[in-house]
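As written in TrEMBL, here are the features:
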- 6-195: domain 'Fructose-1-6-bisphosphatase class I N-terminal' (DOMAIN)
- Glu92, Asp114, Leu116: Mg(2+) 1 binding site (BINDING)
- Asp114, Asp117, Glu277: Mg(2+) 2 binding site (BINDING)
- Asp117, Gly118, Ser119, Ser120, Asn210, Tyr241, Lys271: substrate binding site (BINDING)
- 200-327: domain 'Fructose-1-6-bisphosphatase class 1 C-terminal' (DOMAIN)
Amino acid sequence: MNKNRTLGEFIIENQKHYQATSGEFSRLLSAIKLAAKIVSHKINKAGLIDIVGYSGSTNIQGEDQQKLDIYTNDVFINAITNREVVCGVVSEENDDFIILNDNALHNKYVVLIDPLDGSSNIDVNVPVGTIFSIYKRVTPIGTPVKKEDFLQKGNKQVAAGYIIYGTSTMLVFTTGNGVNGFTLNPAIGSFYLSHSDIKIPSNGNIYSVNEGNYYHFPQGIKEYLKYCQEVKAGVAYTARYIGSMVADFHRNMIKGGIYMYPNCNANYQGKLRLLYECNPIAFITEQAGGKAISGLQRVLDMQPLEIHERSPFYCGSIKMVEKLESFL
Ligand code: AHM
Ligand code: MG
């Protein structure tokens with residue numbers, strides 16, 4: 001593997017895979033790359049400057065917004081919209097979708113983001129992430145974007161990825177030709193290809209779920225968890241749960257494992273948002289050879305009805321997800 005390859009070089013070399021000839025899509029990836037560096041820089045200083053803690057406001061889902069939630073949202077939306085390739089944006093932090101007018105009416109991409117996933121972990125120095133999903137609009141170029149441009153099935157995604165702000169900052173993404181991971185060298189501000197063509201081990205021994213919700217889980221999930229704890233004649237799986245999906249998913253993708261956020265009474269539809277959490281991670285999961293379901297259905301085949309809709313979510317090593325399915 002050539003570790004001297006930067007993300008910028010990789011984007012140029014792979015333009016032929018992006019079903020794009022105009023360079024617009026490459027510019028969009030470059031915008032995400034820039035925003036990731038700015039946010040990474042800020043998060044690394046989170047304990048030093050007045051950026052941790054609550055902002056005093058709540059988002060559409062009634063959740064307290066952290067100062068960094070708002071900062072990250074602004075950075076990504078500015079970076080994405082300034083490149084004149086996007087006609088609309090959905091963000092976890094914005095009540096409604098953002099319509100870009102004037103010249104932007106002629107752009108063909110829409111972006112959906114969770115700017116700061118796991119943000120309740122910032123104050124305690126635990127990894128957080130950014131998740132993004134990119135589609136081509138379905139309404140005519142030259143007109144304002146409509147809800148239907150965002151309510152596309154996950155299997156229509158042009159690209160999806162995440163940035164993990166962990167012990168190092170990594171940008172991991174797919175355009176439907178496998179999954180590649182790039183690690184930021186903060187000294188020179190460049191992402192380098194560090195994990196090429198990532199594949200999730202077909203089996204693993206890590207399960208990740210908030211077992212504090214156990215009482216409310218569907219019966220099949222309770223039985224599967226018992227299986228995880230008794231499996232292989234007394235050799236149990238290992239439980240690992242950070243509470244930042246990007247970090248939990250990233251670890252399981254590298255080591256082999258299953259991530260679960262079931263529906264439960266407290267969060268009847270589950271907690272995670274279909275459009276900017278489940279779908280992008282499901283696309284990456286499948287591109288890495290794993291499986292992602294919402295229960296009995298493939299996540300990428302679900303028809304979204306609302307931009308902030310939630311879904312139960314199970315993803316990871318194919319054999320582990322198939323085993324889970326046998327309990328549902
Ligand atoms: P957020 O986008 O508001 O941070 O919420 C999503 C996060 C996921 O990263 C994480 O897996 C999950 O919420 C944790 O939820 P819980 O604390 O209920 O286990
Ligand atoms: Mg999130």
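All residue numbers here begin at 1 and follow the chain in the order shown.
Placement of Cβ uses the backbone N, Cα and C atoms for every residue, glycine included.
TrEMBL labels come from automatic prediction, so no person has curated them.
For ligand 1, the neighbouring binding-site residues among Asp114, Leu116, Tyr241 are Asp114, by Cβ distance under 6 Å.
Put simply, of the binding-site residues Asp114, Leu116, Asp117, the one whose Cα is nearest the Cα of Asn210 (substrate binding site) is Asp117. A simple way to gauge crowding: the CB of Leu116 (Mg(2+) 1 binding site) has 30 other CB atoms within 10 angstroms, across all the protein chains here. Using a 10 Å radius centred on the Cβ of Gly118 (substrate binding site) and all shown protein chains, the other Cβ atoms total 20.
For Leu116 (Mg(2+) 1 binding site), the nearest of the binding-site residues by C-alpha distance turns out to be Glu277; the candidates were Tyr241, Lys271, Glu277.
Not one of the binding-site residues Leu116, Ser119, Ser120, Asn210, Tyr241, Lys271 has a CB under 6 Å from ligand 2.
Under DSSP, residues within the domain 'Fructose-1-6-bisphosphatase class 1 C-terminal' (200-327) fall into helix, strand and coil as 58 helix, 20 strand, 50 coil. When the CA atoms are compared, no binding-site residues among the candidates Gly118, Ser120, Tyr241 lie within 10 A of Glu277 (Mg(2+) 2 binding site). Each of the binding-site residues Glu92, Asp114, Ser120 was scored by other CB atoms within 10 A of its CB, and the lowest score goes to Ser120. The number of other CB atoms found within 10 A of the CB of Ser119 (substrate binding site), across every protein chain shown, is 23. In the three-state DSSP assignment, the secondary structure recorded for Leu116 (Mg(2+) 1 binding site) is strand. Tyr241 (substrate binding site): 16 other CB atoms within 10 A of its CB, across all protein chains. Each of the binding-site residues Asp117, Glu277 was scored by the number of other CB atoms within 10 Å of its CB, and the largest score is that of Asp117.
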